[in-house]
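Participant: These came from TrEMBL, pasted as-is:
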- 37-53: transmembrane segment (TRANSMEM)
- 65-94: transmembrane segment (TRANSMEM)
- 128-149: transmembrane segment (TRANSMEM)
- 273-340: domain 'Sphingomyelin synthase-like' (DOMAIN)
- 284-309: transmembrane segment (TRANSMEM)
- 400-422: transmembrane segment (TRANSMEM)
Amino acid sequence: MRWPAVKSGGLGVVAMTYVAVDYLRILSPTWHERLQPVLWSLLALVAVTRIPFYRHWSAEFRAAIFFLASMIFMLSALLFEACTVRFVTVVLGLNWHNGRPPLPDTGQWLLLALNEKLPEAVVEILRAHIIGLHHYLMLFIMLAFSVLFESVKAPGLGLGARYMFTMAVGRLLRAVTFASTILPSARPWCASSRYSIPGHPHRWAQKYYVPYASDANAIRQVIEWDIAYVDTVNYTADYRPDWGSMSFLIDFLRPNTSEGSSWYSLLKKAGGGCNDLVYSGHMFVAVLTAMAWMEAYGGFSSVLIWLLVMHSAQREVRERHHYSVDCVVAIYVGILLWKMTGFIWSAKGGTGDSRLTKLGKIQGRLLQAAKDSDMDEVRELLKDVELGNQESPKQGPSKVMWLFASGTIFFSLTIVILAFTWTSDG
């Protein structure tokens, strides 16, 4: 991957300041409580004051429809993922979770070996909770808002649309992947400590999995016959609440009497599940943020963000939230998916291509002016090419654009607050 040209560096300083201030929650909670509101208030105030000077509201307006469509697509993907997480957690029952040891993970072995070899200070840095999921989301939001300062190519809503669209595609692929083969958690106590789920398997698992789970002869026979030949008519029944039109979800979510009567409240408790979910969702978000930052802004701050991504990856394995394979797959899937969605927004081309197009249109007039030695005409034509992709500075934004600008900033700040609140616990 080629690193983009270095920018002025202001955005990178702000981003690293945000990460450092938030890390004070561990080093000095008192200073964290003082400085974090000041930092966020200052950033919001500076962003709002830039609204009258932003010249690309028409481009933002054109990108708004795809931005909203991408948001709806992403929310739908997250809802599907939540249903799938719940399904793989409950389908085999609590007894299966309690009786399954973690898979052997050479990445975990490597980290434990490094703990014995590396200096204690280095090991403590590797263990430190420097950055989490909500930090990566905030870093991307900072990146998108930086269009107000011309640090990133407009439109910011186009960049946001690409981020959410890529996120949605990645989440759908992830849900299909971990639902295909159910793997045990790296934390065997997870299910019993977090969920109140039936101890026995679902009737589908009772028929198609349990009789052939451990007996080698039964496995050989089901391969040879290619049919579920064991008679399992007497299934253990499950609790079935009345969910009306959503009752088709009962077999997938397997509600319990203690978990309430609403399917939606059940999904909100799904969290990260208690199976190994290939690939890591946290790492996927981190990689998308790093890819967006590298393409849109570049510079040394991109290197620092990739180092934070690597730190997050080893922590996911070290703390056994995921196996090593989950982090490795999340990294290359995130990179590949981001590369594939450049048709939505790209830092490359765009302005330069349109300038070449406009230059081609005035080529004849430019040559004639040069032959006539009319330098004033040459300067005017070149100035038109330079300003061809910018909104006219002589004509201020219309009332509609002012309303759109105000609504966009209010909506974006609301998203910032909600994202920070809903993901602050990781």
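Cβ coordinates come from backbone N, Cα and C, glycine included.
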Participant: As a test of reading the model: what is the averaged pLDDT for the domain 'Sphingomyelin synthase-like' (273-340)?
Facilitator: 94
Participant: Summarise the domain 'Sphingomyelin synthase-like' (273-340) by DSSP state, stating how many residues are helix, strand and coil.
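Facilitator: Split by secondary structure, the domain 'Sphingomyelin synthase-like' (273-340) comes out as 52 helix, 2 strand, 14 coil.
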Participant: Should anything in the same chain at least six residues away from the transmembrane segment (128-149) have a Cβ under 8 Å from its Cβ atoms, list it; otherwise answer none.
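Facilitator: For the transmembrane segment (128-149), the nonlocal Cβ contacts are 10-11, 14-15, 18-19, 22-23, 26, 43, 47, 50-51, 54, 56, 155-157, 159-160, 163, 282, 285-286, 288-289, 292-293, 296-297, 305, 308, 311-312, 315, 412, 415-416, 419-420, 423-424, 426.
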